[in-house]
Every structure is written in structure tokens, then in C-alpha cells.
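Have a look at the structure below before the remarks.
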């Protein structure tokens, strides 16, 4: 009878330690959760505003904006005057 109580208490201690480890690992995950990863790889691709350097038209904000080469030879986001 005493051995069963000792075994039960030992199991209870192991269960409490296990649950504390699980709670601690959820608090400080080893692998960052997607919502915490905004610093290196943001989910939303940020678009570039007017006169920002660009490489493709889809980098620019707005439907009427496009990436075009200016007089200085650099590609920048511009709003098309006909549509914008």
C-alpha cells in the first residue's frame, strides 16, 4: 500500500514537471511562430511609394503606378498621368 502511494506521488511529480516544461516551451518557443517573424520575412509584401527605386511595376503601390526609367536613368515608381 505504501509503495502504491509512493508510486502515485512520483507519477504526480513527473506529471507536474512535464506540464511545467510544456508551458515553458509554449512561452518561449524554440522555433519562432509566424506572427513573430515580421522582422526577417514579413508576410505582406510591402509596396513602394511614388519616386521610390524599383525593379518591376508590381513593386509599386497602386493600380496606376508603374516602374519606369527617369531622365537620370534610374528606375523609380511613377503614377501614370493618364490613369492616375
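Our numbering is plain: 1 for the first residue shown, then up by one each step along the chain.
The backbone N, Cα and C atoms fix where each Cβ goes, glycine too.
Swiss-Prot lists 47-61, 54-67, 60-77 with the feature disulfide bond, giving experimental evidence as the kind of evidence. Feature annotation from Swiss-Prot assigns signal peptide to 1-25.
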Exercise for the section: Return the member of 54, 60, 67, 77 nearest to residue 47 (disulfide bond) in space, with distance defined Cα to Cα and candidates limited to these disulfide-bonded residues. Expected result: 60
Fill in the blank from the handout: Row residue 60 (disulfide bond), column other C-beta within 10 angstroms, all chains, value 22
Completion exercise
DSSP says residue 47 (disulfide bond), in three-state terms, is coil
Practice task
Check the Cα-Cα distances from residue 67 (disulfide bond) to the disulfide-bonded residues 60, 61, 77 and tell me which is shortest.
Solution key: 77
Completion exercise
Same-chain residues at least 6 apart in sequence with Cβ under 8 Å of the Cβ of residue 54 (disulfide bond), in sequence order, are 48, 60, 67, 75, 76, 77
Practice task
Could you check what DSSP calls residue 61 (disulfide bond) once collapsed to helix, strand or coil?
Solution key: coil
Problem - Cβ-Cβ neighbours of residue 47 (disulfide bond) (radius 10 Å) - result: 14
